[in-house]
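Undergrad: Let me give you the structure first, and then I'll get to my questions.
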């Protein structure tokens, strides 16, 4: 039994859709699956719109948060907000409850285009965030790597252009946008095995997925290695630090652990969100096509759409200043995201240790604390290098000490049997009794005065 899909009936809208024959060979998905997907997408869409909307509002209204690095957070929130609004609730939710796509071919292409642009934009924005954090933490003393509003704006423009280039191809015939999975949402056509579609899928896989993931892995791996190496160096220098420097070092160690954890969470979240989708697309092109069932195709869609919820939590709510603004403007949001009091105090201590002028570069308190700690370590290392080496270079001089003269000592020296046995002779008799004899006074000095 094929899937019950209306195509030639007369409705107040045109339900006719171009559906790939691959999907028609499967039995109809149970109604409970459609309703479950509709509820899930509605929840993701509402939370994604509210969460990312709050991020955009607070970052644009709070002057202290309008830093170059936070421009990437705003762009990511805008991308996820649009992704949740268009590709989640209400279009896909309505289609799931109707059990088929109800908006026609033109809307399918627009839906797929918007999902492609803002989905790829989220990936590329996360890549730019990883590059910025690598420059701040992994190479903090490089003046040329300092982020500015102009540089951040140029990088964001590049993200928009890059995402649009790869997403707009199917509109002009390089691939296509079509229904997928349970036929309630549209995306790239990864089922058709012709040269055009295959080249489109491969190029997107390499340049829009693998390249960003390699950059993200490289940046966060080097961040973890950098903070680990500096922690070891700081432990070796701990004995030479005063109380203030030691307090900064301890705060930096806390920042290291937090940054390492966040790095692992970011990479894991990225892989869970987008890797299943990439695997299904490659499997459909180069693997057994029968493995790409409606369920196998729809599950990665759910992971990808849920990423719009994860991103504001990871990139924004972990920001201490952002949490303060949430607590003052939207305290009800934090009721579901309680934080350990010690963690909040550590964040405040980290910020208190850093002068206000040093936080204007856009980095978070953790990144700024790490930057100051590494600057202090590099200063100490430079002082060590300025001290003269001991012993000085070139000492002792070459050829010193001089070699002994040739033929010295003479052959056969000392003579055999020398010194003679029993020489020198041991003293005879018991040791002398009484105190040791006293030295005579110098000439012209009274003996009694000398003894006194």
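Each Cβ is built from the backbone N, Cα and C atoms, and glycine gets one as well.
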Undergrad: Per Swiss-Prot, does residue 101 fall on the same side of the membrane as residue 413?
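TA: Result: no, residue 101 and residue 413 do not share a side in Swiss-Prot.
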Undergrad: Annotation N-linked glycosylation site per Swiss-Prot: which of the candidates 8, 185 has it?
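TA: Swiss-Prot annotates N-linked glycosylation site at 8; the rest carry no such entry.
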Undergrad: Which range, 152-172, 236-256, does Swiss-Prot list as transmembrane segment?
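TA: Within the set 152-172, 236-256, Swiss-Prot attaches transmembrane segment to 152-172.
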Undergrad: Counting CB pairs under 8 Å, which listed stretch among 34-58, 110-131, 152-172 touches the transmembrane segment (262-283) the most?
TA: 110-131
Undergrad: Counting only pairs 6 or more apart in sequence, are there at least 3 Cβ pairs under 8 Å between the transmembrane segment (152-172) and the transmembrane segment (71-97)?
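TA: Answer yes, regions in contact.
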Undergrad: Same-chain residues six or more away whose CB lies under 8 A from the CB of residue 186 (disulfide bond)?
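TA: In sequence order, the residues whose Cβ lies under 8 Å from that of residue 186 (disulfide bond) (at least 6 apart) are 101, 108, 109, 111, 112, 115, 177, 178, 179, 180.
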Undergrad: Where DSSP helix means H, G or I and strand means E or B, what are the helix, strand and coil counts for the topological domain 'Extracellular' (284-293)?
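TA: Helix, strand, coil within the topological domain 'Extracellular' (284-293): 6 helix, 0 strand, 4 coil.
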Undergrad: What number of additional C-beta atoms lies within 10 angstroms of the C-beta atom of residue 305 (N6-(retinylidene)lysine)?
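TA: Around residue 305 (N6-(retinylidene)lysine), other Cβ atoms within 10 Å: 25.
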